[in-house]
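Below: one structure, written as structure tokens.
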Amino acid sequence: MSNSVLLPVFTHRSSIETPSFIVTMASTALSSVNLGFRSVPAYKRHVSSTQSPSLKLHRSTGQQHLLSSSSYTSTFTSRLPVLNLRSPTRHLNFSVKASAAVVPAKPEPTPAPVPWQGASMKPLVASIATGIILWFVPVPSGVSKIAWQLLSIFLATIVGIITQPLPLGAVALMGLGACVLTKTLTFAAAFSAFGDPIPWLIALAFFFARGFIKTGLGNRIAYQFVSLFGSSSLGLGYSLVFSEALLAPAIPSVSARAGGIFLPLVKSLCVACGSNVGDGTEHKLGSWLMLTCFQTSVISSSMFLTAMAANPLSANLTHNTINQTIGWTLWAKAAIVPGIVSLIVVPFLLYLIYPPSVKSSPDAPKLAKERLEKMGPMTKNEIIMAGTLLLTVGLWIFGGVINVDAVTAAILGLSVLLITGVVTWKECLAESVAWDTLTWFAALIAMAGYLNKYGLINWFSQTVVKFVGGLGLQWQASFGILVLLYFYSHYFFASGAAHIGAMFTAFLSVASALGTPPLFGAMVLSFLSNLMGGLTHYGIGSAPVFYGANYVPLAKWWGYGFLISVVNIIIWLGVGGVWWKFIGLW
């Protein structure tokens, strides 16, 4: 409690000094105030409750001064003699009012319960139960016990990734831990994929996106796009889709193309249009745009031999299996018609079934131009970022000539950004999504790779081949069944290259034996080896990149992935089949 005091000022017609005993009396009274009225002189005292708080020390005929306040007031008075040399002794009436704040005690609030920070129990139990049940299912003939045990852990991890009892990286790390604990994989084998370049290329893409947005270069390019195509969300989407398709034949890594160039641009566009993660505006534009750009990235990858790193592997296996060559021109000629149809149909279909809440914005181009004018000329950091991006893309395009792969080019580009301070290492460390994606993607690559090494994929392929071959169907029906089994078995793969290496030769051999035109069968399997990457958030290099932006929930990602896969199969086997007949492929 704080008591403020103002000493009284006495006025009198006579000019005399204030007697010392008056000052003493005032001091005594004030001391009583400071002591909380525990020791009060023998004056008349009165205590009353009042809502007009005051602390007053005044002469009855003098001036009044407000000193302090409280809810309780104590008053005492005294008649003090005043000596006047020219007049008889008179008495001065003093009144001292003091008050002290008394705050009623409030009960301490009950502390809020600390929310549970651990795993969601039901999804966790479902994931573990899946693994345990499969673990104790009798091992099929032709499958090794260790391969079956790894399959049970892999599927349990997939269930955990779908239901998400914990963040994806934590689920995948637990899966690897289970592999090591049960001696299904050694520690070196379980963590071997952390040395694979693809997960690192994806993580590096997030770091590039950080610099792209931080410098403002992303906003500048985004506003340029909006100024040209931004009067409608659909027009904006198509401009990105066909821009990516034009770059596809020049950049042989879908991870680099999607993550290093288009993810930063798409994120900048979403933010520029007011669609952000975590504030309820995801559906304004971002959800549809992210899903559209991802699904069309697998289409553009299937259109050119050099658009995806695993496409040359398909061409090589084709030559080894049926002794026919798929060149760049033949691949592009066969894929161009169904590819363009898919690039037109898929964005529009998603626009209808998963629409952005803002479909048209006629004022957006004008607003974008105003924003560009307000931004002014490019800053030093923007120029460095643009130069670094051109350097990296140039190495992605021409790196094969000087033996520089995609991930090496990306590391070189990031090094330039770190040295110049455009991006700091602390900012890279803060990119939690990048590290989380690196963890779970590498874990799935390792487990899927060892499923193949343990012979499970080969056993599956041979079982399918025997089953389809024994049905006695026409080659068209048999090939249709083989195509569906080849396509949807990709749920078990975290890499297109791994899938191709494990199953392409077996399926092509059986298709040819059942009467399918060999080159036709090889071309169809090659195209589908890209399109099947759209099924999941881990099936192709661009999937973790776009999913990691967190605009689309996992359930919707898988659901729309399956739906678009059906549409793509119909287009490529229907429209594509007619086109391939026209050009003499079968």
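Any Cβ shown, glycine's included, is placed from N, Cα and C.
Just so you know, TrEMBL annotations are computer predictions that nobody has curated.
Quick look at what TrEMBL annotates:
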type	residues	note
TRANSMEM	123-140	transmembrane segment
TRANSMEM	146-163	transmembrane segment
TRANSMEM	225-248	transmembrane segment
TRANSMEM	254-273	transmembrane segment
TRANSMEM	285-310	transmembrane segment
TRANSMEM	330-354	transmembrane segment
TRANSMEM	383-401	transmembrane segment
TRANSMEM	407-425	transmembrane segment
TRANSMEM	432-451	transmembrane segment
TRANSMEM	471-488	transmembrane segment
TRANSMEM	500-528	transmembrane segment
TRANSMEM	557-580	transmembrane segment
Give the nonlocal contacts of the transmembrane segment (432-451) in its own chain as ranges (CB under 8 Å, at least six residues past its ends). 147, 150-151, 153-154, 157, 161, 167-169, 171-173, 175-176, 179, 185, 189-194, 196, 198-200, 202-203, 206-207, 457, 492-495, 498, 538, 544-545, 548-550
Sequence-remote contacts (6 or more beyond its ends) of the transmembrane segment (285-310), Cβ cut-off under 8 Å? 233, 236-237, 240-241, 244-245, 248-254, 257-258, 262, 266, 269-270, 273-277, 326-328, 331-332, 335-336, 339, 342-343, 346-347, 350-351, 354-358, 406, 495-497, 500, 526-531, 533-534, 540-543, 545-547, 549, 551-552, 556-557, 560-561, 564, 568
Taking contact to mean three or more C-beta pairs under 8 angstroms, with sequence separation of 6 or more, is the transmembrane segment (500-528) in contact with the transmembrane segment (330-354)? yes
Who are the chain neighbours of the transmembrane segment (557-580) in space, where the CB to CB distance is under 8 Å and they lie at least 6 residues beyond its ends? 162, 291, 295, 299, 334-335, 337-338, 341-342, 345-346, 349-350, 353-354, 480, 483-484, 487-488, 520, 523-524, 527-528, 531-532, 534-537, 547, 586
Near the transmembrane segment (330-354) in space but 6 or more residues beyond its ends, with Cβ under 8 Å, are 233-234, 237-238, 241-242, 245, 249, 287-288, 291-292, 295-296, 299-300, 302-305, 311, 315, 523, 526-527, 556, 560, 563-564, 567-568, 571-572, 575-576, 579-580, 583, 585
Which listed stretch (123-140, 225-248, 254-273, 471-488) has the most C-beta pairs under 8 A with the transmembrane segment (407-425)? 254-273
